[in-house]
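Below is one structure, written out as C-alpha cells, with a few remarks after it.
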C-alpha cells in the first residue's frame, strides 16, 4: 500500500501598520502536513499561528492560484456540485474540513482525518489551495444562501498551495 505525503505552507497578508497603541499583530501563518496510505483517509497535522481565539473555517479551495492573494484560489473545492456542509455531513463540498480552533495565544493545532479528500485521483487536493478563514464555519446550518456556499466563514486570513512532499 503506497503512502503519499504532501505539505502546505500557509501565509497571511502582512497586517496593516496603523498608528495604534499596543503590539502590531503578526500575520497568520502555519504549516499543514498531509498523509494518505493507499485509498485510505487523509490525515492532516500541523499548526497555525496569529489567529484570534476561537473557531476559524478551514477549507480546500478549487485553484492553486495565489497570484492575487487568497482571493485567486476560487471557491471551495466541490467537483460534485453539492451544498456546503460539515466534515461529518453527506452533503458537503470535498474541501469542507470544518473549523480549526485557536487557543488564547492564537495557535490552532490541526489534527484532522478526512475520507473525502485525497492526495491522488479525482478528489486530489494536490495543487489546490488551503485557506484559513476569519470566522467560524457554520457548516451549512446558517439558514441562508451564503451558508450553503461558504459556511459564512468570512474573509481569507491565510492560504497556501498543497504540494507533494518527500516521503
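Any Cβ shown, glycine's included, is placed from N, Cα and C.
As recorded in Swiss-Prot:
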- 59, 61, 76, 133: Cu cation binding site (BINDING)
- 76, 84, 93, 96: Zn(2+) binding site (BINDING)
- 70-159: disulfide bond (DISULFID)
- 8: S-palmitoyl cysteine (LIPID)
- 2: blocked amino end (Ala) (MOD_RES)
Listing them in sequence order, which of the binding-site residues 59, 76, 133 have their Cα within 10 Å of that of residue 93 (Zn(2+) binding site)? 59, 76
State the count of C-beta atoms found within 10 angstroms of the C-beta of residue 61 (Cu cation binding site), not counting that atom itself. 26
If you count the C-beta atoms lying within 10 Å of each candidate's C-beta, which of the recorded positions 2, 8, 159 ends up with the smallest number? 2
Once DSSP output is merged into helix, strand and coil, residue 84 (Zn(2+) binding site) belongs to coil
For residue 96 (Zn(2+) binding site): intrachain residues, at least 6 apart, with Cβ closer than 8 Å: 59, 76, 84, 85, 86, 87, 89, 137, 139, 140, 151
Neighbour count, 10 Å Cβ-Cβ cut-off, for residue 70 (disulfide bond): what number do you get? 23
What same-chain residues, at least 6 away in sequence, bring their CB to under 8 Å of the CB of residue 133 (Cu cation binding site)? 56, 57, 58, 59, 153, 154, 155, 156, 157
Packing count at residue 59 (Cu cation binding site) (other Cβ atoms within 10 Å of its Cβ): 30
The rounded CA-CA distance in Å from residue 70 (disulfide bond) to residue 61 (Cu cation binding site) is 9
